[in-house]
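Comments concern the structure below.
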Amino acid sequence: MLAARLVCLRTLPSRVFQPTFITKASPLVKNSITKNQWLVTPSREYATKTRIRTHRGKTGQELKEAALEPSMEKIFKIDQMGRWFVAGGAAVGLGALCYYGLGMSNEIGAIEKAVIWPQYVKDRIHSTYMYLAGSIGLTALSALAVARTPALMNFMMTGSWVTIGATFAAMIGAGMLVHSISYEQSPGPKHLAWMLHSGVMGAVVAPLTILGGPLLLRAAWYTAGIVGGLSTVAMCAPSEKFLNMGAPLGVGLGLVFASSLGSMFLPPTSVAGATLYSVAMYGGLVLFSMFLLYDTQKVIKRAEITPMYGAQKYDPINSMLTIYMDTLNIFMRVATMLATGSNRKK
């Protein structure tokens, strides 16, 4: 969620990709090309003039200028590569849905195991997804309330370090509070902390309301389709098929997080800034889709192995939070992708 927050603050107000893209090289691009041409030096040898061409590698300063100079043609290509990457991930997900959903796999999935589940396992999974639906509803209400409060909306839209720091503190504090309260021993405070956490997340999502209701409604439908399809894949796949992806997903999360941080300090119209933006946006969409597969099977596994009368009880709110954060990350990226896509068509 931290990466999603950073990307949203950096990219939405600035509207990185303008509706029209230049097709001719700008003066800055021409100057860069001129500086990097062959260096021609005359020399005299035995009364005969010859031209000697020497190769000159780019200096560190020139590499920095090339990475930071504006080039809308390159930015457009980088954006297209990111969208093709997402399209490839969608094709793989659709293939997995057909493969596992049609029962082509020889291994037993969670949906087959559900027939022999005890009733308490079914109740645990049902309550987990009910809390997920409640969190999404509370987040939407909170975002709407913040959007209709000018003072709060202005604070969330500034993008200053004070806003970012306060947002981080609120998210981390609310998350720690929810996890620290016992679901069995203190149900009242637990539910209050859960609602507080959903409200904080709604404030984080509130800046997206500037994109308009129709676009956000489309993003919500697309997100519902993505989450529903991936949840079906996780249910139909072998019960531990995606639980071995923890280490690669951690590496990918670090890459997306670093790209999100880097995009804050680089001009969005530069090649380097656009590259980091694409990694954080499009790579993040694929990454959190894979996280959703992992977390869904993790929730099912926890519901199965947690003993009914053990010392450690099953907590549906804590179990739901990972899927909720994945869903929120996917929604924010889908909404931003739709916004940049509609900008280009104008």
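Glycine is treated like the rest: Cβ placed from N, Cα and C.
Taken from Swiss-Prot, the feature transit peptide applies to 1-45, supported by a curator's inference.
The annotation topological domain 'Mitochondrial matrix' is assigned in Swiss-Prot to 46-83 (among others).
According to Swiss-Prot, the feature transmembrane segment maps to 84-104 (among others).
When Cβ-Cβ distances below 8 Å are used as the criterion, the topological domain 'Mitochondrial intermembrane' (105-126) is approached by residues 99, 234-239, 241, 297, 299-300, 303-304, 306, 308, 314, 316, 319 of the same chain, each at least six residues removed from its ends. Taken from Swiss-Prot, the feature topological domain 'Mitochondrial intermembrane' applies to 105-126 (among others).
Summarising the annotation, Swiss-Prot assigns transmembrane segment to 127-147 (among others). Listed as Cβ neighbours of the transmembrane segment (127-147) (distance under 8 Å, sequence separation of 6 or more from its ends, same chain) are residues 153, 156, 194-195, 197-203, 205-206, 208-209, 299, 303, 316-317, 319-320, 323-324, 327-328.
Residues annotated as topological domain 'Mitochondrial matrix' in Swiss-Prot: 148-160 (among others). Note on the topological domain 'Mitochondrial matrix' (148-160): DSSP counts are 8 helix, 0 strand, 5 coil.
Sequence annotations record features per position, and here Swiss-Prot assigns transmembrane segment to 161-181 (among others) based on sequence analysis.
Per Swiss-Prot, topological domain 'Mitochondrial intermembrane' is recorded for 182-191 (among others). Sequence-distant neighbours of the topological domain 'Mitochondrial intermembrane' (182-191) (same chain, 6+ residues past either end, Cβ-Cβ under 8 Å): 313, 315-318.
Per Swiss-Prot, the feature transmembrane segment maps to 192-212 (among others). Note on the transmembrane segment (192-212): residues 1, 5, 8-9, 12-13, 131, 134-135, 138-147, 152-153, 156-157, 167, 170-171, 174-175, 177-178, 181, 317, 321, 324, 328, 331-332, 335-336, 338-339 of its chain, located 6 or more positions outside it, place their CB under 8 angstroms from a CB of the stretch.
With a threshold of 8 Å between CB atoms, the same-chain residues lying at least 6 positions outside the transmembrane segment (215-235) that come near it are 93-94, 96-97, 100-101, 109-111, 208-209, 242, 289, 292-293, 296-297, 300, 327, 330-331, 334-335, 338-339, 342. As annotated by Swiss-Prot, transmembrane segment applies to 215-235 (among others), with the evidence given as sequence analysis.
Annotation source Swiss-Prot lists topological domain 'Mitochondrial intermembrane' at 236-245 (among others), citing sequence analysis.
The transmembrane segment feature in Swiss-Prot is assigned to 246-266 (among others).
Annotation source Swiss-Prot lists topological domain 'Mitochondrial matrix' at 267-272 (among others).
Marked as transmembrane segment by Swiss-Prot: 273-293 (among others).
Annotation comment: Swiss-Prot describes 294-346 (among others) as topological domain 'Mitochondrial intermembrane', evidence class sequence analysis.
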